[in-house]
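S.K.: According to Swiss-Prot, the record shows the following:
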- Arg23, Glu88, Arg127, Lys461: (6S)-5-formyl-5,6,7,8-tetrahydrofolate binding site (BINDING)
- 223-383: domain 'TrmE-type G' (DOMAIN)
- Asn233, Thr252, Ile254, Thr257: K(+) binding site (BINDING)
- 233-238, 252-258, 277-280: GTP binding site (BINDING)
- Ser237, Thr258: Mg(2+) binding site (BINDING)
Amino acid sequence: MKEFDTITAVATPVGEGGISIIRISGDKSLDIVSSIFKGKNDRSLDDIKPYSMRYGFIIEKESKEIIDEVLVSYMKGPRSFTAEDTLEINCHGGVIPTKKILKELIKSGARLAEPGEFTKRAFLNGRIDLSQAEAVIDIIRSKTDLSMKSALKQAEGTLSKEINSIRNRMIKIIAHIEATVDYPEDDLEEITGQKIKVDLKEIINKIDNLISASEEGKILREGLNTVIVGKPNVGKSSLLNALINENKAIVTEIPGTTRDVIEEYINIDGIPIKIVDTAGIRETEDVVEKIGVEKSKEKIDEADLVIFMLDLSRKIDEEDIEIMDFIKNKKYIVLLNKLDLNKDLNEENHFIKELDSKYIIKTSVKNNSGLNELKECIKNLFFSGEIKSDELIVTNARHQEALIRSRESCIQAIETLSDEISIDLASIDIRNAWKYLGEITGDTLDENIIDKIFSEFCLGK
């Protein structure tokens, strides 16, 4: 275990609440807390047992005045989150008592922790690897049960085990190649280029299985960025309100009511969906509305999915066709809204013929008709209908990139072997593939990148 100074930070959100928790970790953590703690009947923390709590008060050192009534818990390293001696002070929730206790801890020798420093210490002390550390922040930011379960599996080390299994297989190939090249006179089992290629193809299949689910994983982690577009007054804001079951967007009969972008998260069977309601796209002389239209177009560029809404009670016109042309390179669903106002089936069929889309849904948002069909369509477009909660899903873009680079190096090694170049040259590519996978667990990652990853964490974590 590495030696560090003693750090402290508030582990709960700032503001009023039932309790606040101040965390302190490091070799001197027990001594520091003991110096400002006064137990019932003047009992100190000198004899506190690990993994127990003690009731008492935190006092101001100089004045000896009581700051707050507290419960102190003690976790002895290495059996703690950071693998160091760690204490947590539970005080009354509120800004003043929390700040005063934190100030006393710092005055007594602790240093204010940097964002993510507690988790970083757990990583540096070998209690967790980097993929498990990143899973901690994914758990905190989870928006659905499914995204949380996926993050929990990663935190438990499921991804790490799979990555380490592949890396161990790679290192065995490298070791065998190097032994064959360096000690040709020894009685070693001969390793041929053909045998290495077979092993590498099996490794690539394993990597492919992880990569194939990574797009789904990105959505679980960040949410499916879904943008509702269409001309003014086709029902975009009504759709947003219906999906979130709340009157978030203003709905009127006046075209152009929505002039800015409205964003909300919804949960479709565990899949987090970021729904973006945009200003109606049309030619306008209104300066403010023009800005809204430009923002709408920017949001379309960023979208994973576009829901293109049309009004069934009106004929398709040039503006509709322009929007259709603008979104043609995106994944999109066409929503034919206001079914309740359309009585002409021939006109409805004409609409469908005009549209170049496999995914056309007829709705009446006003009557909540067609919304379940829309949700099923979204699931089928991105997740083939469902995601099983027990599946290992790569949710991190950094991990996805490392897997892709590792795969490319394996393919390069196969090409080298196919050209019948000396097998020891192929070992360079295999070692690169091994190194890229090590970036996922943090075994072969640059220290600056590690610092950047932990800087994205919140204070106290």
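From the backbone N, Cα and C atoms, a Cβ is placed for every residue, glycine too.
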S.K.: Listed binding-site residues are Arg23, Glu88, Arg127, Lys461; which of them have CA atoms within 10 A of the CA of Asn233 (K(+) binding site)?
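M.R.: Cα filter at 10 Å returns nothing.
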S.K.: Give me the count of other Cβ atoms within 10 A of the Cβ belonging to Lys236 (GTP binding site).
M.R.: 31
S.K.: Distance check, please: Cα of Lys461 ((6S)-5-formyl-5,6,7,8-tetrahydrofolate binding site) against Cα of Ser237 (Mg(2+) binding site), rounded to an integer number of angstrom.
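M.R.: A Cα-Cα distance of 38 Å.
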S.K.: Cα of Lys236 (GTP binding site) to Cα of Arg127 ((6S)-5-formyl-5,6,7,8-tetrahydrofolate binding site): how many Å, rounded?
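M.R.: Approximately 49 Å lies between the Cα of Lys236 (GTP binding site) and that of Arg127 ((6S)-5-formyl-5,6,7,8-tetrahydrofolate binding site).
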S.K.: Looking at the binding-site residues Arg23, Arg127, Lys461, which sits with the largest number of other Cβ atoms within 10 Å of its Cβ?
M.R.: Arg23
S.K.: Using a 10 Å radius around its CB, how many other CB atoms surround Glu88 ((6S)-5-formyl-5,6,7,8-tetrahydrofolate binding site)?
M.R.: 20
S.K.: Quick one: largest C-alpha distance among Arg23, Glu88, Arg127, Lys461, binding (6S)-5-formyl-5,6,7,8-tetrahydrofolate per the record, in angstrom?
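M.R.: Largest Cα to Cα distance for the (6S)-5-formyl-5,6,7,8-tetrahydrofolate-binding set is 19 Å.
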S.K.: Looking only at the domain 'TrmE-type G' (223-383), report the model's average pLDDT.
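M.R.: Result for the domain 'TrmE-type G' (223-383): average pLDDT 77.
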S.K.: Can you tell me the CA-to-CA distance separating Glu88 ((6S)-5-formyl-5,6,7,8-tetrahydrofolate binding site) and Ser237 (Mg(2+) binding site), as a whole number of Å?
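M.R.: Given the Cα positions, Glu88 ((6S)-5-formyl-5,6,7,8-tetrahydrofolate binding site) is 47 Å from Ser237 (Mg(2+) binding site).
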